[in-house]
Every structure is written in structure tokens, then in C-alpha cells.
Amino acid sequence: MKQFADLGDGIRHYPHYLEADIQRELAQDVFTRAEHLWLSPVTPGGQPFSVRQMNFGPLGWVSDRQGYRYQPHHPDVGVPWPDMPATMRKLWADLLPGAPPPQCCLLNHYQDTAKMGLHRDADEKDQDTPILSVSLGAPARFRIGGAKRGGPTRSVVLGTGDVIILSGPSRRFYHGIDRLLPADDLFAPDLGFDGRLNLTLRRVTRD
Ligand code: MD6
Ligand code: FE
């Protein structure tokens, strides 16, 4: 079993889990698959997100004026989402053996002052299977609270190649990204892109 930091409540942080060459390959793969398909999501109230998004796999998470939902097709061009990168499927199989396979890989690309407000991942009918996330590129401050909004929070820096899993109670915890942090020269291989990528794997349906 690879080393992880047990942060309690089912939160497992695996610093530097992916090696630099795998990170580079994954980043290239992701940008190739996402080309021309990036989404510029808005909240149901019409506020633009500061990240751009894309999805891979059978279902994609979409936010627009109609609301938040999962759907099998790209909302603008109508094509099915591209396949999930093989590295992501392998990570899930290695770290969550026995869990039903992921149905969505949501991609977020942060640049400059992009951030993500505190939210819960609550649009999945399956609220029990863990969520696994991979970060690539610039480090970021990840904030995590509890099951209710407004309680105490703590933060953890997610660096490039890090994996974090929210399982057990933390699957339903509020979390977000405060901001990107200056690149750490020791752990910052050049991955050939600006900013930060985060990929989250989710199980959506309850079978
Ligand atoms: C991010 N991550 O790291 C945003 N959600 O950019 C998430 O929203 C997230 O990292 C569920 C589980 C793990 C995550
Ligand atoms: Fe989330």
C-alpha cells in the first residue's frame, strides 16, 4: 500500500503519487482529448465560473442556466464525452479496489486567480462511493469543512501529482479551492501548460 496521510473522516492524501513522466503524459492526453470541447460553465443564476471545465467518460457534469446535472453528451456540440484517460481508470482500480467503476471524470482548469467556492458534490445519486481527485501543475490551497456550511474548515496544499480521496463521512463534506499558490521548484516539473488541472472521478448512478 502506497503511503498516504490519513486526515481523518475518510480523507486520504497521497502526496506526489504520480511520477513526473506520468504527470506529463496525463496532462498531454487531457489537453488533446479536451481540445475544442472546453466548457465555460455558468451557475444557474448566470455567474461565470473562474475555471473552464470538460468531462471524460460515460457521464459529464454540466452547469448552466438550466441547473446542475449529469448528461451523456456535450451540451454545445452534442457528441459523447471522450473516453476517460487510462491513467485515471488505473488509479481508481489501484486505490479503490472493490468500488464500482467511475462514470465521470470532471476536469477543471485553473489559471491566474481562478478558484472554486465551497461546495458539496451532491448531484450524484451515489453519495457513498468515494471521490478520487488528481492535481497537476501549480499547487493550490484546498479547503475542507464539514457536512454543514459555516462550520470550521481546514486546508491542505494539493501539489502536482497528488491524489486526494474523499471517502466515508468526508464524501459529503463542503470543500473548495481558495487559490493557486506559487510553483514549488522542488516539485514542479514542467508539464507544458499554465495553471492547474484537477481531475475528479465519480460514481454517479446507484445500481
Ligand atoms: C479541485 N476539487 O481540486 C476541486 N471534489 O480543483 C474538488 O472539488 C473535489 O478534489 C470532490 C472530491 C475531491 C475534490
Ligand atoms: Fe468537489
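Yeah, the Cβs are placed from backbone N, Cα and C, and that goes for glycine too.
Where the annotation comes from TrEMBL, it is an automatic prediction and has not been curated.
Keep in mind that what you see is a predicted model, and the values were worked out from it rather than measured.
Cβ environment of Asp123 (substrate binding site): Trp61, Tyr68, Arg69, Tyr70, Val204 lie under 8 Å away, each six or more residues apart in the same chain. What TrEMBL records for Trp61, Tyr68, Arg69, Tyr70, Asp123, Arg149 is substrate binding site.
Here TrEMBL flags 101-205 as domain 'Fe2OG dioxygenase'.
In this structure, Leu201 (2-oxoglutarate binding site) is part of a beta strand by DSSP. When Cβ atoms from all protein chains are considered, those within 10 Å of Leu201 (2-oxoglutarate binding site) total 27, not counting its own. Look at TrEMBL and you will find Asn108, His109, Tyr110, Arg196, Leu197, Asn198, Leu199, Thr200, Leu201, Arg202 tagged as 2-oxoglutarate binding site.
Summarising the annotation, TrEMBL assigns Fe cation binding site to His119, Asp121, His175. Sequence-distant neighbours of Asp121 (Fe cation binding site) (same chain, 6+ apart, CB under 8 A from its CB) are Ile131, Leu166, Arg171, Thr200, Arg202. According to DSSP, Asp121 (Fe cation binding site) is assigned to coil rather than to any helix or strand.
The binding-site residues near ligand 2, defined by a Cβ under 6 Å from one of its atoms, do not include any of Trp61, Tyr110, Asp123, Arg149, Leu197. Ligand 1 lies under 6 Å from the Cβ of the following binding-site residues, listed in sequence order from Trp61, Tyr68, Asp121, Arg149: Asp121. Around the Cβ of Tyr110 (2-oxoglutarate binding site), the same chain contributes Ser50, Val51, Met116, Ala138, Ala140, Ile177, Leu180, Gly195, Arg196, Leu197, Asn198, each under 8 angstroms and 6 or more positions distant in sequence. Using His119 (Fe cation binding site) as the reference Cα, a 10 A cut-off selects none from the binding-site residues Asn108, Leu199, Leu201.
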